[in-house]
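Quick look at what TrEMBL lists:
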- 1-27: domain 'C2H2-type' (DOMAIN)
- 28-55: domain 'C2H2-type' (DOMAIN)
- 56-83: domain 'C2H2-type' (DOMAIN)
- 84-111: domain 'C2H2-type' (DOMAIN)
- 112-139: domain 'C2H2-type' (DOMAIN)
- 140-167: domain 'C2H2-type' (DOMAIN)
- 168-193: domain 'C2H2-type' (DOMAIN)
């Protein structure tokens, strides 16, 4: 877990990389021009500028590019599919707002703050969903029994009580469950064996 912002990581090796967003540390230096970078992947992308090697070829017209970013942007000439690219991972997006939201997965930034509790969120839609925990409103109603829920996902989970379906199956013994949380609890039986 990051001791600056509290963000947790499944892979501990990612913590020192993440911590660079809180500092100006740029340990990766281009040996050709001296430009410095926070991540080795940024340096690798940059180094292609100094090479004559063109690794990326347009499958429509055959034009070649040094960077996948430039190829992706070029492809919009042939179809305006996904002209916005993330420089960190080279993933492409249809619009700038999707790109901005995606970039937060690299930075850990959570610009949407709850005015009640101060909790931060990466998207305005996640903030809107969260705000219902601070009210007694339950706008999502079950059309079978009329019970209200704060979120649509809670309503979806509830609806299974009105059917015989058990969509969550244990991959060890095959037992079925109506809710994923019940399956998760059940799996501990097998880990104790």
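Placement of Cβ uses the backbone N, Cα and C atoms for every residue, glycine included.
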Stretch-level contact, the domain 'C2H2-type' (84-111) and the domain 'C2H2-type' (168-193), CB cutoff 8 A, at least 3 pairs: no
Composition by DSSP (helix, strand, coil) of residues within the domain 'C2H2-type' (140-167): 11 helix, 4 strand, 13 coil
Per-region confidence, the domain 'C2H2-type' (112-139) (mean pLDDT, whole number): 85
